[in-house]
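S.K.: Got these off Swiss-Prot a minute ago, pasting:
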BINDING   Leu76, Cys77, His78, Met114, Glu115  substrate binding site
ACT_SITE  Asp129  active site
Amino acid sequence: MTSNLTHLNEKGEAHMVDVGGKAVTKRTARARSYVNMTAETLAVVANGDVAKGDVFATARIAGIQAAKKCADLIPLCHPLMLTRVTVDITIEANANRLCIEAQCELDGKTGVEMEALTACSVAALTVYDMCKALDKGIVISDTRLISKTGGKSGDWFYSE
C-alpha cells in the first residue's frame, strides 16, 4: 500500500521525500478556486466599494505571498525557489462569483502543485475576510488543480 505514497516510508511513517537525485526540469502548475457570493456583494466588490479596501489587489498579493510560504504551512512540502507566481481574479457576474486562478513556475526537482493550490486558497480566504461584513454566506468552492507540467510523471490537464 505505501509503495505508491511517496510521503510514507516502509513503516508507514510520514517523511519528506528525498528529491536529491531527481533531474532539474521546468515545472508549472495552475489551480483554480471560486468564491460565490450574493449579486449585491459582487457588485460592491466589482465597484471597488468594499470598506476594507481593494479586494482584487489584496487577494492577489495574499495569494502570491501564500505560494512563497507554502513549505511553512504544509509540513512535507519542500521550500522552493519559485521563478514566477501569478494570481488572476475575474468576475463571473452570471454565476455571482469570482474565479481565482494561480500559476506557479520554477526550474527544480519537485513540482509546484501545492504552491498553486495554496495561492488560490489563500486568495479566496482573503476575499472572504474582506467581504464577510457584507455577506456571511460567501462560499469558497471547487478548489482544484487545472494543470501541471514537467517532472518524471509528465504533464497533466484537468478535463471537466
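Cβ atoms here come from the backbone N, Cα and C positions, even for glycine.
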S.K.: Restricting to the record's substrate-binding residues (Leu76, Cys77, His78, Met114, Glu115), give me the longest CA-CA distance in Å as a whole number.
M.R.: 12
S.K.: Would you identify the secondary structure of Asp129 (active site) according to DSSP, in three states?
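M.R.: Asp129 (active site) sits in a helix per DSSP.
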S.K.: Could you give the Cα-Cα distance between Leu76 (substrate binding site) and Asp129 (active site), in whole Å?
M.R.: 27
S.K.: Centre the Cβ atoms of Leu76, Cys77, His78, Met114, Glu115, go out 8 Å, and tell me which other residues of that chain have a Cβ in range of the substrate site.
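M.R.: Apart from Leu76, Cys77, His78, Met114, Glu115, the close residues are Cys70, Ala71, Ile74, Leu80, Thr110.
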S.K.: List, in sequence order, the same-chain residues at least six positions removed whose CB sits under 8 Å from that of His78 (substrate binding site)?
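M.R.: In sequence order, the residues whose Cβ lies under 8 Å from that of His78 (substrate binding site) (at least 6 apart) are Met16, Val17, Val19, Ala71, Thr110.
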S.K.: Rounded to the nearest angstrom, how far is the Cα of the residue listed as 'active site' from the Cα of Cys77 (substrate binding site)?
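M.R.: One finds 26 Å between the Cα atoms of these residues.
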S.K.: Measure from the CA atom of the residue listed as 'active site' to the CA atom of Glu115 (substrate binding site) and give the result in Å, rounded to a whole number.
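M.R.: That comes out at 21 Å between the alpha carbons.
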S.K.: CB neighbours of Met114 (substrate binding site) within 10 A?
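M.R.: A count of 22.
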S.K.: I want to check the contact list for Asp129 (active site): same chain, sequence separation of six or more, C-beta distance under 8 angstroms. What comes out?
M.R.: Lys52
S.K.: Tell me which of the binding-site residues Leu76, Cys77 sits in the most Cβ-dense spot, judged by other Cβ atoms within 10 Å.
M.R.: Cys77
